[in-house]
Amino acid sequence: MRIGIDLGGTKTEVIALGDAGEQLYRHRLPTPRDDYRQTIETIATLVDMAEQATGQRGTVGMGIPGSISPYTGVVKNANSTWLNGQPFDKDLSARLQREVRLANDANCLAVSEAVDGAAAGAQTVFAVIIGTGCGAGVAFNGRAHIGGNGTAGEWGHNPLPWMDEDELRYREEVPCYCGKQGCIETFISGTGFAMDYRRLSGHALKGSEIIRLVEESDPVAELALRRYELRLAKSLAHVVNILDPDVIVLGGGMSNVDRLYQTVGQLIKQFVFGGECETPVRKAKHGDSSGVRGAAWLWPQE
């Protein structure tokens, strides 16, 4: 049995999968924000609940909104900031009395979709989480690729490519929380989409409300979405030029905008070197379960 844990900002979730990937158990508990030791205890409780419910002992994989530095062995770049600077995998392994495999939550999405999701069987998968922020992960042959520095997939903190004059102005107006300017995340996260609509219309709306206006043929909402589609396509074309994945998978709140799957693939061709690109852009099959399923699959079938 494989147990996966997904640590989110508000909830921590466990899933137990059987040998064929079937769900045996799933449960959520509130994430104890700003309390490192209680976070470990919450995870231990969830693992115990899964094992009690199934009557089996499982391997444990963990997805977090950050990564482990290969140089210091502690968590870095986590927006769950109380994890930063902590040897989280070692402390969790000691508490659970077994090895715990840990990966960035976007890498878990990539693994999940590569194993039995929208990119099942693909050799190279690039998976994107587009929600409040913007992260990405890479899977090779169903296994997470973290890179030599532990930063593979940190796509959202590269500059938006091929900026037009308006985007150059926006870059100066809205710096990224990472301290740099012009990051992809500031443009194509759900937050960035809503902010661009506000710049165009003068009204603050949620992403879902803007999409509803698009469906009602509102011209300003339509313009905001077209700008978003082009920015997403430019950003993904950079990935194709460097990595050339077999499949691109979208997860997170913006992945529910169905029109993206008709438009973005064609727009990518305008920016890929040589103009040829048939890389499919697909919606995550497992939805909000992908991260926790991918954490479980950090222990692959041998």
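From the backbone N, Cα and C atoms, a Cβ is placed for every residue, glycine too.
Fair warning: this is a prediction, and the values are worked out from it, not measured in the lab.
Counting only residues at least six positions away in the same chain, the Cβ atoms of N79, G156, E185, S189, T191 sit under 8 Å from the Cβ of G133 (ATP binding site). The annotation ATP binding site is assigned in Swiss-Prot to 4-11, 133-140 on the grounds of sequence analysis.
It is G135 that, of the binding-site residues G8, G135, has its Cβ surrounded by the most other Cβ atoms within 10 Å.
For T10 (ATP binding site), the same-chain residues that are 6 or more apart in sequence and have a Cβ closer than 8 Å to its Cβ are P30, T31.
Cβ neighbour count for G4 (ATP binding site): 31 (other Cβ atoms within 10 Å of its Cβ, all protein chains included). Cβ neighbours within 10 Å of D6 (ATP binding site), excluding its own Cβ and spanning all shown chains: 27. Listed in sequence order, A103, N104, D105, A106, N107, C108, L109, A110, V111, F126, A127, I129, A144, A152, G153 are the same-chain residues six or more apart from G137 (ATP binding site) with CB atoms under 8 A from its CB.
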